[in-house]
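Chemist: Here it is, the structure, as structure tokens.
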Amino acid sequence: MTQCASRRKSTPNRAILGAFASARGTRWVATIAGLIGFVLSVATPLLPVVQTTAMLDWPQRGQLGSVTAPLISLTPVDFTATVPCDVVRAMPPAGGVVLGTAPKQGKDANLQALFVVVSAQRVDVTDRNVVILSVPREQVTSPQCQRIEVTSTHAGTFANFVGLKDPSGAPLRSGFPDPNLRPQIVGVFTDLTGPAPPGLAVSATIDTRFSTRPTTLKLLAIIGAIVATVVALIALWRLDQLDGRGSIAQLLLRPFRPASSPGGMRRLIPASWRTFTLTDAVVIFGFLLWHVIGANSSDDGYILGMARVADHAGYMSNYFRWFGSPEDPFGWYYNLLALMTHVSDASLWMRLPDLAAGLVCWLLLSREVLPRLGPAVEASKPAYWAAAMVLLTAWMPFNNGLRPEGIIALGSLVTYVLIERSMRYSRLTPAALAVVTAAFTLGVQPTGLIAVAALVAGGRPMLRILVRRHRLVGTLPLVSPMLAAGTVILTVVFADQTLSTVLEATRVRAKIGPSQAWYTENLRYYYLILPTVDGSLSRRFGFLITALCLFTAVFIMLRRKRIPSVARGPAWRLMGVIFGTMFFLMFTPTKWVHHFGLFAAVGAAMAALTTVLVSPSVLRWSRNRMAFLAALFFLLALCWATTNGWWYVSSYGVPFNSAMPKIDGITVSTIFFALFAIAAGYAAWLHFAPRGAGEGRLIRALTTAPVPIVAGFMAAVFVASMVAGIVRQYPTYSNGWSNVRAFVGGCGLADDVLVEPDTNAGFMKPLDGDSGSWGPLGPLGGVNPVGFTPNGVPEHTVAEAIVMKPNQPGTDYDWDAPTKLTSPGINGSTVPLPYGLDPARVPLAGTYTTGAQQQSTLVSAWYLLPKPDDGHPLVVVTAAGKIAGNSVLHGYTPGQTVVLEYAMPGPGALVPAGRMVPDDLYGEQPKAWRNLRFARAKMPADAVAVRVVAEDLSLTPEDWIAVTPPRVPDLRSLQEYVGSTQPVLLDWAVGLAFPCQQPMLHANGIAEIPKFRITPDYSAKKLDTDTWEDGTNGGLLGITDLLLRAHVMATYLSRDWARDWGSLRKFDTLVDAPPAQLELGTATRSGLWSPGKIRIGP
């Protein structure tokens, strides 16, 4: 019997060995194709590309005159200028600017640009506040002087006055060998006019190193690498089949049988994938509902801006920072989004990849991952509900936008599934596909290391499979396809870039930052605990539930060496993926909280596993289950000890979006902490009670499956928050309502932001009843103003901001404008007015004084109130100072009194009928000019007149106020006013909320000049976008600050008057100059060619 059994067992083994021996051709194909794919993939970064070259030459068209050419890299590769001395001789006695790379009156122009300037006594060549050479004008106008030569390259900046000698008799030249002296260029600007004289020339080589496309050779290599890799993987699959065992992968690769044939579709689709449960319906509905009403992620505007600009630029530039360098080597996902912008820029469309990723994650979890964790998990309905609810709650705060964490979560899950499939069937093809998936996941973003963690977690079993197979077919036929699979991503990453350009882009990002060391990883968890949007209720729960389930599972698995019906190998590998990811995240350059979205899928699987591990069938002692319930209550207390905040416009109308949630004055966190204390105390009692105590029906119900209940509760809270926001905001802007309107062509926030194009047009006419009694301030001051004067405003009072020294980037022109008017205004005021108000038409009254303080009062004349209509919903008073008012962010802000009193017609005279406290967005910034808003809807329809009543009863010098007359502004939507064709600098935070506005583009190294700038709310502008887009960091504000003047416009959020939605700024040009015409060409560059380092130094 033993010999017969041994003979039957050895027969198939000999057959398998014979099959492997006869597969010589397949082995050679796998080896050669794999090596070819590997070599071609690795060679791709080194192969040549075709660069689009661009030169800026001046003068243009044979005429002298300024031209604009703002470089996206800010500085050129090199710059040369030649100025004949005859040009200096022909200049007027006062001199002027011969040439400059920026307007002389631009912000910090001397600090950034190069100038050749002639004064009455000298000729100066200056560069970035450094005097390169200064020569007396009389020497330059002498016959000996021939020309002035200026060069600025990586070798330094030098000036040479050809024909002149220094005191030692040497040629008169000077300079500094500093590559950081290369000037910023936004054009060529001059005071010269007329035909261009012979010999006057400026030439700048624009840095277009990133504007490349593959050569034919490189394109063939990319195609060859991809084809060879596919062939190698097919050959590896063929080698896998030689063991004579079937698999799902084998079934899928067989020729399809007709679906109508018996069992055709059933053989094509596994049984587990053909079911549809209530859990599936809830998850799918949850994802679809959240896609419409849910909050977006923090960087959606940033990523959409890059995607919208990429097609025109010719590459995926990091548009807002880092000198326009590309996102490579982590950017292929953004290129997918760039392709999607050809269809639409609407939020619902652009966020489809994350929606699809979430749905696929659930299908993989429910059909592949949970069954792999063992029969106990597969058979547990609470486990499936736990996975579903945790997936939703982890996805909602992190992965409902354009950020790539959702794609990475899917990539990591696919990698894990393929690794498990490889082990289940002892096949290497799934492992090779897992390597491909991990490589492409890592190519999305550095945090794609989570997929690498999945490979590492399954590395040992895969190595055992490799060793077993190598004895049969050799090493190279197995290793070569793996090498090709792991490196084929290079053909995508370096498709249109080279090794040199990607290294330079990486250097720029690392040098400028943020680029934090591995030992600062604690910052990520610190930000999560702060009471900010990054540490909001939803974000805390999305990660902390995963962490709690992870450590609980580790503790139980270590205590219980064997748990019936739980697969230890897959379970430990799942935990290894999460622990490995936490470790690898230490080495990512940024420490943002939104990276926790990576854990959404594996966290859901961990929640399912933990649900089984803490169930009564595993934890039989109620003490342990109650301890876990107490831990859940503590987690909820920690999660609720913050705001219910969501990013930017997603928070509009959401309850408690800027405060800790409360019920009847008691914080929800306190309630959950009390429940934690009760549960922990009961668990402690159970520890000392007899072992069978505490097994009542209530305790068993509470502790059987708490994870899906808690996660389901939190999912309901998130959805309810968004629904409440929509209801409270309707019919004005909310995230969900905007998405609904997108189906009929809505333009997001641009439809609801109202712009006042002409602030001088809406002033009301004062009634003449008391005109003979008006004081020196006219109708604004009324009959007897006390303490108000035409100049009662301190210097440097600007619109919607507080002046800080030194000035921040992105500030308005009024920060640097003269603080006094040269001609007094209509009532003698010399104070500049904001928002384009004309002092010749608009009076001013204020209480600020540096002398003795007094209590001040003002009651203006009555102003005729137009009849109400939908086009004029507001009465506005432009004011400054510490004023009592209401705002969405701060509620009621105490201060001095500025109210609007309205009147009804009476017998022979107007009858005051009530007063209105203003909606004041900037009450916490008392020095700022702003528009106080009084909604017409809150006034009686038969009110016929209004007047301003102002009282400054404080004797503190800082408690001053200033007012202008009331007006009824004529408003237009931002979409109507700005439109969809004018170039706009859309700050990175606002891009997704304004999908119809045209972002300023760039191509061939030159940026488009914007007409407007749209910013987020005051705090976000000051702390986030102004600093991030600073020219010092290679941002777009380096262009606009130097070339343009910004003026904030009066804007309002429709029917949400007390909300600071952001701002619209209009740009005025400093110099009326046309765009420069560039000399374009092409050049073939090797993968190692570099024009030198981008200037990022001070």
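Cβ atoms are placed via backbone N, Cα and C, with glycine included.
Quick paste from Swiss-Prot:
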TRANSMEM  28-50  transmembrane segment
TRANSMEM  217-239  transmembrane segment
TRANSMEM  271-293  transmembrane segment
TRANSMEM  402-419  transmembrane segment
TRANSMEM  434-456  transmembrane segment
TRANSMEM  472-494  transmembrane segment
TRANSMEM  541-558  transmembrane segment
TRANSMEM  570-587  transmembrane segment
TRANSMEM  597-619  transmembrane segment
TRANSMEM  626-648  transmembrane segment
TRANSMEM  663-685  transmembrane segment
TRANSMEM  698-720  transmembrane segment
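Context for these features, please: burial, neighbours, distances.
Modeler: Same-chain neighbours of the transmembrane segment (434-456): 329-333, 404-405, 407-409, 411-412, 414-416, 418-419, 422, 482, 485-489, 492-493, 573, 576-581, 583-585, 587-589, 595, 598-599, 602, counting only residues six or more beyond its ends whose CB sits under 8 Å from a CB of the stretch.
Note on the transmembrane segment (472-494): residues 16-17, 20, 23, 26-28, 30-38, 40-42, 44-45, 221-222, 225-226, 228-229, 232-233, 235-236, 239, 242, 328-329, 331-332, 428, 431-433, 435-436, 438-440, 442-443, 466, 502, 1087 of its chain, located 6 or more positions outside it, place their CB under 8 angstroms from a CB of the stretch.
Using a Cβ-Cβ cut-off under 8 Å and counting only residues 6 or more beyond its ends in the same chain, the transmembrane segment (597-619) has close neighbours at 297, 358, 361, 364-365, 369-370, 373-374, 376-377, 380, 382-384, 386-391, 394-395, 397-399, 403, 405-406, 408-410, 412-413, 416, 447, 450, 542-543, 545-546, 549-550, 552-553, 556-557, 560, 563, 566, 571, 574-575, 577-578, 581, 625, 628, 700, 703-708, 711.
Same-chain residues lying 6+ beyond the ends of the transmembrane segment (626-648) with a Cβ under 8 Å from its Cβ atoms: 295-298, 397, 530-533, 535-538, 540-541, 544-545, 548, 552, 614, 619, 654-661, 667-670, 672-673, 675-676, 679-680, 682-683, 686, 694, 699, 702-703, 706-707, 710, 714, 721, 989-990, 993, 1016, 1020.
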Chemist: Could you give the residue numbers and ranges of same-chain residues that sit at least 6 residues beyond the transmembrane segment (217-239) on either side and whose C-beta is under 8 angstroms from one of its C-beta atoms?
Modeler: 20, 23, 26-27, 29-30, 33-34, 36-37, 40-41, 43-44, 47-49, 249, 253, 428-429, 432-433, 469, 473, 477-478, 480-481, 484-485, 488, 490-491, 495
Chemist: For the transmembrane segment (698-720), could you work out the same-chain residues 6 or more beyond its ends whose Cβ comes under 8 Å from its Cβ atoms?
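Modeler: Same-chain contacts beyond the ends: 286, 289-290, 293-294, 382, 385-386, 388-390, 392-393, 396-397, 537-538, 541, 545, 549, 607, 610-611, 614-616, 622, 625-626, 628-629, 632, 635-636, 639.
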Chemist: For the transmembrane segment (663-685), give me same-chain residues lying six or more residues beyond its boundaries with a C-beta closer than 8 angstroms to one of its C-beta atoms, as numbers and ranges.
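Modeler: Counting only partners 6 or more residues beyond its ends, the transmembrane segment (663-685) has Cβ contacts under 8 Å with 623, 626-627, 629-630, 633-634, 636-638, 640-641, 694.
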Chemist: So if I exclude everything within five residues of the ends of the transmembrane segment (28-50), which remaining residues of that chain have a CB under 8 angstroms from its CBs? That is, six or more out.
Modeler: 212-215, 217-218, 221-222, 224-229, 231-232, 235-236, 238-239, 476-484, 487-491, 493-499, 502, 1082-1088
Chemist: How about long-range neighbours of the transmembrane segment (402-419): same chain, 6 or more residues beyond its ends, C-beta under 8 Å?
Modeler: 296-300, 303-304, 307, 333, 337, 350-351, 353-354, 357-358, 360-361, 364-365, 368-369, 372, 395, 430-431, 433-434, 437-438, 440-441, 444-445, 447-448, 450-451, 453-455, 457-458, 462, 573-574, 577, 581, 594-602, 605, 992
Chemist: Could you tell me what the rest of the chain brings near the transmembrane segment (570-587), counting residues at least six beyond its ends with Cβ under 8 Å?
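Modeler: Beyond its ends, the transmembrane segment (570-587) has Cβ neighbours at 369, 372-374, 412, 416, 419-420, 446-447, 449-450, 452-454, 456-458, 518-519, 521, 524, 546, 550, 553-554, 557, 595, 598-599, 602-603, 605-606, 609.
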